[in-house]
């Protein structure tokens, strides 16, 4: 009877009260569905303001266009980079359950701060007429600027914690020892991006319209209320969640293995004796459950470390000189798994640098064009509706049509590999940058022909041309983000999954930061050869944005060949990485 009770437990998992999680009672698609519902609300709250923030900073806080763009990319980059901190904390100390609740409360505080500032005129710089010379536009400063950035970076901290805990919390609800569990987990990642897109759809339509027509205090207020509502929605799933028990700091393990490998390599005079046999120990074996036997390559037992990254094998010695450098084969193999996914991670940064243009220059381009569709005037910040609608349509289509078809054709459990998905995203981003350059050439040609090159008036060209680059970048985002999240989650060691999944968001962060750095480098280099840099000034018509987009296209192409080099050499942990 006791054995049956033990077999019903999920090993390594607890419920929300820290009691052992039970099979049949905890986990499954129902538990993950609460996570999906929360993601709609969470992303709505975040993107409601992020998508329109450039215009808020330039119109109401009186920053220049390029300064506004850099503030937004730095804010978005910080938010996504902090997902690494969230993932680390979830793996090492907190559970994903507790971390989400804490992070949502922090984001709520940040949004509340921004709402109060937008509502009270004395907390903003004085309004000014752009055409007036008597009242110069005064940029926000002092305590008002401090309040603005306190609110923004509280939001960034909260978003980072949520991004680092919510996707792995949902993915951990499935039994990966069964084909059905792995397929459901794969579907979860697809629907996670679908729900993320649904939240974004509401944000860039309804909330942006509210901000432009009713006032920013209402837009911030809606976001504040939404993140507050997400907390009880998340709590509704508490009785059926299963939560992975934190396994201690994965960073400590990595540094320990690396330090031992370096130390032993330096000390070892006889390389053939550097790696000694290990006593048989269940804990030293690579984790492979019975249900995965048919789908998993025979993992190498503890006595024989794998031949990949041989340098790290030196970390294993029967009698280490220093006890603190005593490493097991399991620890060494886990560090190898992490190091092998890092080159793939670096290759996705350029893609996200392209995606950063969606919330900066593309919005500013659309603002100079005719934004009417019939009698309806569309706010420029609502432009992301095009890739979002496409993602909302494509995600279920991919899950229910493309993947089943691919499984039949390839006769594999996964159908299309994660690396193939990421590669598709990289190709689409190259096409998007080429399209963006061609559209900008057309936009400036219309400006010249209309005699509006030096004017701030709208150009007689529809903003729907900009939708083309949004469409390709949105498709690239769908393929790459789902591919990255599932790839990092499944290929990383169990003890590091939250941190590894956060690499998807860290890639976004690096992309936003690289975009800011690239703009600065381009401006510095071009200003040394000509009087005005490519991307500077208050009039977008004087920018050489098309040259910048061609540069991005070239860099993305070089990055794709870099990606192929690593992707072709990568070996999955399992034959069906699902």
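Here, residue 1 is simply the first one shown, and the rest follow in order.
Backbone N, Cα and C atoms are what each Cβ position is placed from, and that goes for glycine too.
According to TrEMBL, the feature transmembrane segment maps to 27-48, 68-90, 97-120, 140-159, 189-210, 216-236, 341-361, 381-401, 422-441, 461-482, 503-522, 548-566. Positions annotated as region 'Disordered' by TrEMBL: 274-300.
Listed stretches 97-120, 189-210, 216-236, 503-522, 548-566 were compared with the transmembrane segment (27-48); the greatest number of C-beta pairs under 8 angstroms is found for 189-210. Under the criterion of 3 or more C-beta pairs below 8 Å, with sequence separation of 6 or more, the transmembrane segment (381-401) and the transmembrane segment (140-159) do not qualify as touching, having fewer than 3 such pairs.
Contacts between the transmembrane segment (341-361) and the transmembrane segment (189-210): absent, as fewer than 3 C-beta pairs lie under 8 angstroms at sequence separation of six or more. Tallying C-beta pairs under 8 angstroms between the transmembrane segment (503-522) and each of 68-90, 140-159, 189-210, 216-236, 461-482 places 68-90 first. Residues 34-35, 37-38, 41-42, 44-46, 48-49, 52, 56, 60, 100-101, 104-105, 107-108, 111-112, 114-115, 118-119, 158, 207-208, 210 of the same chain, all 6+ positions outside the transmembrane segment (216-236), place their C-beta atoms under 8 angstroms from a C-beta of that stretch.
A Cβ distance under 8 Å defines the sequence-distant neighbours of the transmembrane segment (422-441), meaning residues of its chain 6+ beyond its ends; these are 344, 347-348, 350-351, 354-355, 357, 362, 365, 465-466, 468-469, 472-473, 475-481, 483-484, 487, 545-547, 549-550, 552-553, 556-557, 559-560, 563-564, 567.
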